[in-house]
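According to TrEMBL, the features are:
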type: BINDING; residues: HIS43, SER60, TYR138, VAL139, ASN140, SER159, HIS252, PRO253, GLU254, THR269; note: iminosuccinate binding site
type: BINDING; residues: CYS107, CYS226, CYS316; note: [4Fe-4S] cluster binding site
Amino acid sequence: MILTDLKDKLAFNRYYDEPAVAQVARIQKIKQQFGADLLIVAHHYQKDEVMQFADARGDSLKLAQIAAANQQAKTIVFCGVHFMAETADILTSDQQQVILPDPMAGCSMADMANSFQLTQAWSLLTSQFDDDILPITYVNSTAAIKSFVGDHGGVVVTSSNAKKIVSWALQRAKRLLFLPDQHLGRNTALALGLTPANIGLWQARANRLQATNPAALRVILWDGYCSVHQQFKVAQIAALRAQYPEIKVIVHPECAHEVVAAADEVGSTAAIIDYVQQAPRGARIAIGTDNNLVGRLIKQYPEKQLMFLNPFSCSCILMNRIDLPHLAWALDQLASGQPGNVITVNPEIASGAKKALDRMLSLS
Ligand code: 13P
Ligand code: SF4
C-alpha cells in the first residue's frame, strides 16, 4: 500500500486523533519485537518526536554508508526524504526492503532536474564541448538522474565529500556538468580555486547555457537550489556581527556563495554538529541550516550561545512530513504483515544509479 490514495489518507487521519503516548508505546513494542530485523535511520533534520526512535542518525553520506554496510536488517525505515530512501534501496540487497513513512516527503531541489531535461542538456552540451564532459550529481537527485550520471561515467557527491570528489573529477575531464544544486556546485568549484569565469549556468527551463566565455568553462552548474537555504542572507550575518562582534557563523553549502563567503565556516549537517560540539563553553555561534537541527543543538548545548542565523526561516516542509503518526502507521503496517510505502527503484534505473553511488562510496 502506498499512502497517496485519498481513501487511504482519510483512513490514516485517525492517527492524528490518537494520543502520542499510545503511538510511542506501540512503536517501542514493535521495535522490540522485530529486533535486529528492523533498522530505523533518521536524517539530522528530522523532528525530535521521530528522532527518539532512530537506531542511527546522520547526514546524507553517513546514511548512504549505513545502508550499504547493513546486511542484517530485513527492513530499513527511512526517516528522511524520498531520494535518501531510494539511495538506501539501491545500496541494499533484494532481500531487504526500505520504507519511507510518508511518500510525499520529497525534496524540491531534487525535483528541479528530470531525465528529459538532462537528456536534452546533455545532447546540447556534448555537441558544443566535444564530449569531454563528465556528469556529477548531488545525492539530492532522483534515482533516474543518478542512473544517467552512472551510465555516463559520472559520480554522486554529498555535501561532505563534494570537494574531494569534484577535485578528482576535474583531473579526469575538461568540463563537469554539476546538478541539480547550483550553490553546492559553485561553492565547491570556488573553494577548489576555480574562478567565476570557469563556471557557467545551465538554465534548465530555457534549455540554454549562460556563460561569458564558454571556452574557459570547467564547471557547468544546473540552476537548481534549495528553498530552505535560500532564506539565509548576507544582511542577517552583518546584523549579527554588528550586535555580537565575537560571533562565529556556520552555514550549509546549499547557501548562496555570498552567504558562504560572509560566514566563518561552511559544512554538511554532520560538520555543523561537529563544529558546535567542539566549540568552547560560552561560544556564540549562529547556524544557517534547517530549524529542526538548529533547535535541537540549541537545546542540547545550553552552555553555548547558539542561535538561528534566520529565526524566521521555515523548516524543510518535506523533511517535516515524517512525524510520529506516519512512523506509527508505517510500523503498524509492518507488524500486520502488510508493509506500506515500500520504496522500490526500477532495477534498470537502480543499476545505473548504483554505479554512480559505488564510485562515490569508494572515493569517500
Ligand atoms: P547533508 O548531507 O549535509 O545532511 O544535507 C542534506 C540536505 O538535504 C540538506 O538540505
Ligand atoms: Fe531538499 Fe532543501 Fe529539504 Fe534538503 S532542506 S531535503 S535540499 S528541500
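Placement of Cβ uses the backbone N, Cα and C atoms for every residue, glycine included.
Note that TrEMBL annotation is computational and uncurated.
Known features from TrEMBL, placed on the structure.
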{"residue": "HIS43", "record": "iminosuccinate binding site", "contacts (Cβ under 8 Å, 6+ apart)": "ARG57, GLY58, ASP59, SER60, LEU63, CYS79, GLY80, VAL81, MET84, THR269, MET319"}
{"residue": "CYS107", "record": "[4Fe-4S] cluster binding site", "contacts (Cβ under 8 Å, 6+ apart)": "VAL81, HIS82, PHE83, ASN140, LEU318"}
{"residue": "TYR138", "record": "iminosuccinate binding site", "contacts (Cβ under 8 Å, 6+ apart)": "MET109, VAL156, VAL157, THR158, SER159, ALA162, PHE178, LEU179, PRO180, ASP181, LEU184, GLY185"}
{"residue": "CYS226", "record": "[4Fe-4S] cluster binding site", "contacts (Cβ under 8 Å, 6+ apart)": "SER108, MET109, ASN140, ASP181, HIS183, GLU254"}
{"residue": "HIS252", "record": "iminosuccinate binding site", "contacts (Cβ under 8 Å, 6+ apart)": "SER159, HIS229, VAL266, GLY267, SER268, THR269, ILE272, GLY288, THR289"}
{"residue": "CYS316", "record": "[4Fe-4S] cluster binding site", "contacts (Cβ under 8 Å, 6+ apart)": "TYR45, VAL81, VAL228, ASP290, ASN292"}
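Taken in sequence order, the binding-site residues HIS43, CYS107, TYR138, CYS226 that lie near ligand 2, meaning a CB under 6 Å from one of its atoms, are CYS107, CYS226. Within 10 Å of the C-beta of GLU254 (iminosuccinate binding site) there are 29 other C-beta atoms, taking all protein chains into account.
Taking the centroid of the Cβ atoms of CYS107, CYS226, CYS316 as the [4Fe-4S] cluster site, the other same-chain residues with Cβ within 8 Å of it are VAL81, SER108, MET109, ALA110, ASN140, SER227, VAL228, HIS229, GLU254, LEU318, MET319. Counting every protein chain shown, the Cβ of ASN140 (iminosuccinate binding site) has 29 other Cβ atoms within 10 Å.
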